[in-house]
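Pulled from Swiss-Prot:
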DOMAIN    18-180  domain 'FeoB-type G'
BINDING   G25, Q26, P27, N28, T29, G30, K31, S32  GTP 1 binding site
BINDING   G50, L51, T52, V53, D54  GTP 2 binding site
BINDING   D71, L72, P73, G74  GTP 3 binding site
BINDING   N131, L132, A133, D134, S160, A161, K162  GTP binding site
TRANSMEM  234-254  transmembrane segment
TRANSMEM  297-317  transmembrane segment
TRANSMEM  374-394  transmembrane segment
TRANSMEM  404-424  transmembrane segment
TRANSMEM  466-486  transmembrane segment
TRANSMEM  504-524  transmembrane segment
TRANSMEM  558-578  transmembrane segment
TRANSMEM  585-605  transmembrane segment
Amino acid sequence: MVSHCQRGSVQSSRPDVKKRVAFIGQPNTGKSTFFNRITKANAAIANWPGLTVDLFRAVVPLQGELIEFVDLPGIYDLNGFSEDERVVQRFLANYAVNLVVVVVNAAQIDRQIRLLLQVQTLGIPAITLLNLADEAKRYGVQIDVAALQERLGLPLYPISAKYGTGCSRAMDAIGRAVKDQPEAYQIPNLVNVLSDHPVAIADMETALAGVVQMPSPNARTLTNVIDGVMLHPVFGLPIFFASMFGVFWVIWHVGLPSADPVDAVTGWVQSNILEPLFSPLPTILQGLLLDGIWTGFAALLSFVPLVAIFFIVMGILEGSGYLSRAAYLMDALMGRLGLDGRSFVLQMMGFGCNVPAIMGTRVMRSRGMRLLSMLVIPFSLCSARLQVFVFILAAVMPGTQGAIALFLLYLMSFVAAFTVAAILSRFHYFQARDPFVLELPPYRLPTFKQVFLRVWGEMREFVARLSMFMVIGSSLIWFLTSFPQGSTGLETFAGRIGSVFQPLMNPLGINPFLTISLIFGFVAKEVQIAALTVIYGLNNSEAVSDQIHSTVTFAQGFSYCLFSLIYIPCLTTLGAIWGESKSLAYTAISVATPLVTAWLFSFIFYQSFSWLGW
């Protein structure tokens, strides 16, 4: 059973954890959904020495033991060559596990059995979860679980990670398997083993013969009917962009008003609690705590509801299976730009945060395509930029016009990305093609719990990550806008720094105060709002909005948003680009290219509006 494995020991960051379970599966199998369900969305990103990726891990008490669960990247082949496949290979080679849990989409078992047979070939202790078993029955897939289990010699458990059916039984089985398996194993020669014992198509057919019956490939399903409209060569793209306009309409009309109650609460806390509490302190320390740290933190809190609504809407779209269709629709266009549908998927991922989208380029085998994708992904209208744009546009545009302007910025993010890709793909450094396989899952209705767990995980990471940046950034902003003592406005350190760049920003209609906020936006885009609050010397975002409304025109505000959309990525994204590219020169290119592009786009927009007299 373990002839190809080598005994090892589990070395965890927690000394009380002695056993480890690794989850393996193809993309879109529901592996991460099951992982989130059993860990109650309490998984944390952990760094693993020797791997080029951070993996989700969680420590779960199970049958009297603390067990470390690790969610490995979704892969199609354990013997493949993509970066994600190499990550899984290195993990199993270097980190001992007591058990491997293979998650298989029961509706696609004829295609996913290969990965299961590869795990079986390795001889490592494993059990299999047949996810979406209920969905498989609806599609006419018939599986004799007992017969298939006997043939494979591996325990099989039908589950529905989405609804929780069978999950308790599966967890009990995992607990028993780990308890009965005191030894941990790793496979240092994994690639050689799979190369010497390849899984052929005949092996897959033999494993399923007589125990699995698949429906006719020509069977007409509801998904096929819907795809006839959604993927229509004429109507497909208009439907997609109409859907995205709906997303930004909801964000504008539901998310924007949600900031007002939070502003009221943070204002009350400052006036009635913090100011009396800090009054005995020296004036300079009061300024740091109230005008610096608290102002930045309050600005972050005011946009938490808006970002949560954004993640809810995107979670529904993603859970329904629609976003992968968008990649299919855009594949032909992306191909002309030297990219493919995967790059578009990563652009969509960048709506949440650019960092995981940058890391997602590992699925591309071609280095040229990876580098080009990493260069254009930061143009995505991420949740951090979204806060800034909603804030500025609400101040300079009334009603639904602001939602339209927000949607135009979304479109401009693609225009900028496509323009840069079209130009740079002509250079040999970025030229390469890579086979592209896209799995189109059936349309599904996301459950409340599924969306909630997704949003909870995203928001927890969002607040945790940005709290640090807000405290540091707001403190730095307060210092630079408060010193030298007695100076105000452009006489401060921040004003002097902004004055250096102002000659470049004047043709864009961006005033000195906005210029200073852009400088601080390099740390994190959300800091721009805190920067404006501190720079204007006001204590809440509503007062800043009124100030911008009276001093900034629509053309100036939109030009500022357009520049902020495209210019230099935030510090965390740059760190991800450096880590993925392993090249300081390329990282410098990823700074210079968006800066030049942002200036040109904003210049053309603002000068055109000025020429028209708007």
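Cβ coordinates are placed from backbone N, Cα and C, and glycine is handled just like the others.
All features noted in Swiss-Prot, drawn onto the structure.
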{"residue": "Q26", "record": "GTP 1 binding site", "contacts (Cβ under 8 Å, 6+ apart)": "G74, I75, Y76, V104, N105, Q112, L115, E439"}
{"residue": "K31", "record": "GTP 1 binding site", "contacts (Cβ under 8 Å, 6+ apart)": "F23, I24, G25, D71, G74, V103, N131, A161"}
{"residue": "S32", "record": "GTP 1 binding site", "contacts (Cβ under 8 Å, 6+ apart)": "F56, D71, G74"}
{"residue": "L132", "record": "GTP binding site", "contacts (Cβ under 8 Å, 6+ apart)": "T29, G30, N105, A106, A107, S160, A161, K162"}
{"residue": "D134", "record": "GTP binding site", "contacts (Cβ under 8 Å, 6+ apart)": "S160, Y163, T165"}
TODO: Sort the binding-site residues L72, P73, A133 by C-alpha distance from P27 (GTP 1 binding site) and give me just the closest.
DONE: P73
TODO: Rounded to the nearest Å, what's the C-alpha distance separating N28 (GTP 1 binding site) and L72 (GTP 3 binding site)? Just drop the number here, would you?
DONE: 13
Open item on the list: Is it possible to get the count of other C-beta atoms within 10 angstroms of the C-beta of A161 (GTP binding site)?
Closed with: 24
- [ ] For the recorded GTP 3 site, enumerate neighbouring residues of the same chain (Cβ within 8 Å of the Cβ centroid of D71, L72, P73, G74, site residues themselves excluded), in sequence order.
- [x] F23, I24, G25, K31, S32, L55, I75, D84, V88
Open item on the list: Validating a neighbour-count step here. Other CB atoms within 10 A of the CB of D71 (GTP 3 binding site): how many?
Closed with: 21
Open item on the list: Assuming the binding residues for GTP are exactly those in the record, N131, L132, A133, D134, S160, A161, K162, what is the maximum CA-CA distance in angstrom, rounded?
Closed with: 11
Open item on the list: Three or more CB pairs closer than 8 Å, sequence separation of 6 or more: does that hold for the transmembrane segment (504-524) against the transmembrane segment (234-254)?
Closed with: no
- [ ] Could you check the binding-site residues P73, G74 and say which one's CB has the most other CB atoms within 10 Å?
- [x] P73
- [ ] Provide, as an integer number of angstrom, the distance between the C-alpha atoms of A133 (GTP binding site) and L72 (GTP 3 binding site).
- [x] 22
- [ ] Mark yes when the transmembrane segment (374-394) and the transmembrane segment (558-578) have three or more Cβ pairs under 8 Å (sequence separation 6 or more) and no when they do not.
- [x] yes
Task: Sequence-remote partners of the transmembrane segment (234-254) [C-beta within less than 8 Å, at least six residues beyond its ends] - done: 306, 309-310, 313-314, 317, 322, 325-326, 329, 386, 390, 400, 402-403, 406-407, 410-411
TODO: Quickly jot the same-chain residues contacting the transmembrane segment (297-317) by Cβ under 8 Å, restricted to those at least six beyond its ends, or write none.
DONE: 243, 247, 250-251, 254-256, 258-259, 262-263, 266-267, 270, 323, 351-352, 383, 386-387, 390-391, 446, 450-451, 454-455, 458-459, 462-463, 466-467, 470-471, 474, 526, 529-530, 533, 540-541
